[in-house]
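As annotated by Swiss-Prot, active site applies to D8, E69, D141. Feature annotation from Swiss-Prot assigns Mg(2+) 1 binding site to D8, D141; the stated evidence is sequence analysis. Residues annotated as Mg(2+) 2 binding site in Swiss-Prot, with sequence analysis given as evidence: E69.
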Amino acid sequence: MTRILGIDPGSQRTGIGIIDIDEGGRSRHVHHAPLMLLGEGDFSQRLKRLLQGLGELIEIYRPDEVAIEKVFMGKSAASALKLGHARGAAICAVVMRDLPVHEYAAKEIKLALVGKGGADKVQVQHMVGIMLNLNGKLQPDAADALAVAITHAHVRATAQRLGVNTQQAWSRKK
């Protein structure tokens, strides 16, 4: 059994999604939630909350591997910079615990789950619910984090079948 933590970084909310993968490659939902950062003071305090909160979740759930969404250029350069800082804090929380980090672009995640890189958030959320047998509407950030974890599980399974590492299995990765 392998436990994968998926992270959808954000400066206001960071999505957390945890799944277990059995020896047959089947995914099982363990936990998902948004890590709320608003109301935590100034931006540096939000980063501290992210670093600490994610560290606590890692200690509780003990993932074997971590997958995180790459930064994309959104509405503004300032937003992208804040997102980059949040992503950096999340990666620090992971690597400080000697866990491997795997990175996936939003298009790669959408392609892995829906079959097309231009899928919208509703389609991704729907597929996450189906794949993990979850009922009801999923909180968007947590659903995105579960999608990152599922993507890594698929890439990992392909890598194992091919006898290569995960970076080689997903050719568009850096």
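Going from the start of the chain as shown, residues are counted 1 onward.
Each residue, glycine too, has its Cβ placed from N, Cα and C.
Rounded to a whole number, the distance between the Cα atoms of D141 (active site) and D8 (active site) is 6 Å. Of the active-site residues D8, D141, D8 has the largest number of other Cβ atoms within 10 Å of its own Cβ.
In the shown protein chains, 25 other C-beta atoms lie within 10 A of the C-beta of E69 (active site). A distance of 11 Å separates the Cα atom of D141 (active site) from that of E69 (active site).
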